[in-house]
Amino acid sequence: MKLKIITVGKLKEKYLKEGVAEYQKRLNRFSKIETIELADEKTPDKASISENQRILDIEGERILSKIGERDYVIGLAIEGKQLPSESFSHLIDQKMISGYSTITFVIGGSLGLSQKVKKRADYLMSFGLLTLPHQLMKLVLMEQIYRAFMIRQGTPYHK
């Protein structure tokens, strides 16, 4: 099985890059993992609703171009379903058993995900109502994926 993480925007801060690299190294023993960083559109401070929509649509098309036809897609969105770590682990496990060769996670840019991306997603997931920088979200997601594999293995990592 392969895991794919698609993000809008590139990691800039050294501490985030190091954290992501550490979890990518840990995850490699369980699954092939591919991370794709897409260019983000510049969003003016006082952008109109139509300008924000245009930006979402452009970023959404970039995201959709990287999703395989048979991928199981989990979009991260504030309105998505919140899961405890054990249920998240079970979700990944079920998709592996169901025969999906790739589980793709999608993290949008500062404006979130376009409606087309949300529609393409098989599952919308939320990490809570807090607003987090999308770059930090990549690190949080990778830690939770690693935790899911540790739960599956029955290791004491998840207490």
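Backbone N, Cα and C atoms are what each Cβ position is placed from, and that goes for glycine too.
In sequence order, ILE78 make up the list of same-chain residues 6 or more apart from THR131 (S-adenosyl-L-methionine binding site) whose Cβ falls under 8 Å from its Cβ. The secondary structure of THR131 (S-adenosyl-L-methionine binding site), as reduced to three states from DSSP, is coil rather than helix or strand. What Swiss-Prot lists as S-adenosyl-L-methionine binding site is LEU76, GLY108, PHE127, GLY128, LEU129, LEU130, THR131, LEU132, and the listing cites sequence analysis.
Taking the Cβ of LEU129 (S-adenosyl-L-methionine binding site) as reference, residues of its chain lying under 8 Å away and at least six apart in sequence are, in sequence order, ILE78. Residue environment of GLY128 (S-adenosyl-L-methionine binding site) contains 8 other Cβ atoms, counted within 10 Å of its Cβ in all protein chains. There are 24 other CB atoms within 10 A of the CB of LEU76 (S-adenosyl-L-methionine binding site), with all protein chains counted. Around LEU130 (S-adenosyl-L-methionine binding site), no same-chain residue at least 6 positions away in sequence has a Cβ under 8 Å from its Cβ.
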